[in-house]
Amino acid sequence: MGTRLLPALFLVLLVLGFEVQGTQQPQQDEMPSPTFLTQVKESLSSYWESAKTAAQNLYEKTYLPAVDEKLRDLYSKSTAAMSTYTGIFTDQVLSVLKGEE
């Protein structure tokens, strides 16, 4: 796999994984209407549901607790680093805007 394809694939699988793990909301029953827009909406909804099901099956098949723990650790370390660098950047911007006293 190319280096460009790997992050894109990772992000798509991550988004689908979060969608699969999200809470299920009950769908409201609507009156069937034969309009074109409703048919398109139902078609897109069925495609989305099949993609979610496929992603859930793939996630369940390839779930590795060690990888999950590493990803959680990587996320916590990267957010800690980003908050540190954001604080430094904010201090620098404020000192530039405030000027010398």
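Just so you know, glycine gets a Cβ as well, placed from its N, Cα and C.
The signal peptide annotation in Swiss-Prot covers 1-22 and rests on experimental evidence.
The annotation region 'O-glycosylated at one site' is assigned in Swiss-Prot to 23-38.
Looking only at the region 'Lipid binding' (66-74), the predicted model's pLDDT averages out at 89. Summarising the annotation, Swiss-Prot assigns region 'Lipid binding' to 66-74 and lists experimental evidence as the type of evidence.
As annotated by Swiss-Prot, region 'Lipoprotein lipase cofactor' applies to 78-101.
Across the region 'Lipid binding' (66-74), DSSP classifies residues as 9 helix, 0 strand, 0 coil.
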